[in-house]
């Protein structure tokens, strides 16, 4: 039975009174390696924040000030809030020389906490929501949306799934939730101002903390960035992916067809074949664009001892990828990100890998120029993607392309775009015959398991998959749809 509000607050307060007797970074992070982790993790977290120079910032669960001093150096004004008195006093003793900081002992769940609506540019919290009940998270999310200005941001970071720190604890009342809980609560949060205008939160980013992946092979440290927008704002393509093409049920359906961990053509079989062509070496860094639910990334990290960064625009895909990572202990980090707006430093990756994803991107030349910058000299790109015949598409095929929002090119034109972006040794292969063989095998498997498929999903799902696969085969047989494999180098 869920604890009452008073019981929940007492449990959490007593837990933190016990763990704040020793006011050190080890006590706050509940980890014996805290000092070393902090050196990598704190700069990483701060680097993820939107610009807040001269802005009004609220830090919830400020603790002894691990982030307070850093925030104070840039913020116009900062409120540092914590509900344990001796903890916030310690913070003030360390950071009180910053005259733009107000230190406050208060409980974020208390109705007595008064913050003016529309007064903040950024709300920052690090390990706070996991110490609140589900209902408290929902109520606080609503209040936070009210507190920030339109265009303002909310950043929070939480431990998901299970404990990360190695500190021994008599009891542990922490709520280690699935990331999809936080995504759902904040996505569904809507507020109205006095004039009746409606506002909601748009997800700007969601990723696991790289320092924990690198040092602990742990993907459960996850942060979110949200921006307050008018409810009329169109979230466009991301909403289409998560509500239409890649709904949670649809992803599981695709996974049944492609194999565990995969949502692209051929599953593990084609992954093994194509990854072999990249000549991966231990310690290399790979970017997977459109990583789906992570099967290819886990394979690369485990088999070749590389570090993989998987990005996907679909929140649902990344949620599944994070869940699949539990217990694998591999060097893979995941992020909800748009590859057309994402920024990485030049020369960041040894390999960029993308499977049946770039068909969604309208400006491929711009994306390939970006890939070229992100790759290190000597780096390699490998892409498989839907393509089309050079001839004029039929009305039916044109309608299919339009309905899916695809941007398709013929295989040679696709390869030329890579050359134009600066790549050399470009290989552009028409793999349509292989595509058709794989489609037939996948279709045959689904049809043989018809009763189980319908039992696990539905008759409608079965008909969608069978009809969709047969349509792909027909389009390929009529020389309209193609499948291309592209490999290129950066000298």
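Just so it is clear, glycine is given a Cβ too, placed from its N, Cα and C backbone atoms.
The model shown is predicted, which means the values in this text are computed figures rather than measured ones.
Annotation source Swiss-Prot lists S-adenosyl-L-homocysteine binding site at 61, 66, 82, 107, 108, 126, 263, 264, 290, 312, 338, 339, 355. A simple way to gauge crowding: the CB of residue 290 (S-adenosyl-L-homocysteine binding site) has 24 other CB atoms within 10 angstroms, across all the protein chains here.
Residues or ranges marked as phosphocholine binding site in Swiss-Prot (evidence: experimental evidence): 159, 164, 165, 169, 176, 254, 386, 400, 404, 406, 472. For the recorded site, residue 254 (N-methylethanolamine phosphate binding site), the DSSP three-state label reads helix. Around residue 254 (N-methylethanolamine phosphate binding site), the same-chain residues at least 6 positions away in sequence with a Cβ under 8 Å from its Cβ are 263.
Secondary structure at residue 472 (phosphocholine binding site), as computed by DSSP, is helix. In sequence order, 439, 481 are the residues of the chain that are 6 or more apart from residue 472 (phosphocholine binding site) and have a CB within less than 8 Å of its CB. Look at Swiss-Prot and you will find 245, 246, 254, 386, 400, 404, 405, 406, 472 tagged as N-methylethanolamine phosphate binding site.
Look at Swiss-Prot and you will find 2 tagged as N-acetylalanine, backed by a large-scale study or a structure entry.
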- prompt: Could you give the Cα-Cα distance between residue 290 (S-adenosyl-L-homocysteine binding site) and residue 386 (phosphocholine binding site), in whole Å?
  reply: 14
- prompt: Which one is closest to residue 400 (N-methylethanolamine phosphate binding site) in space, judged by CA to CA distance, out of the binding-site residues 108, 338, 386?
  reply: 386
Field: Pairwise CA distance, residue 61 (S-adenosyl-L-homocysteine binding site) versus residue 405 (N-methylethanolamine phosphate binding site), rounded so that it is a whole Å
entry: 43
- request: Please report the DSSP secondary structure of residue 404 (phosphocholine binding site), reduced to three states.
  value: helix
Message: Test of understanding: give the count of other CB atoms lying within 10 angstroms of the CB of residue 338 (S-adenosyl-L-homocysteine binding site).
response: 14
- request: Would you mind ranking the binding-site residues 61, 405 by how many other Cβ atoms sit within 10 Å of each Cβ and giving me the lowest?
  value: 405
Statement: Check: min Cα-Cα distance from residue 82 (S-adenosyl-L-homocysteine binding site) over binding-site residues 159, 176, 386, 404, 405 goes to 159
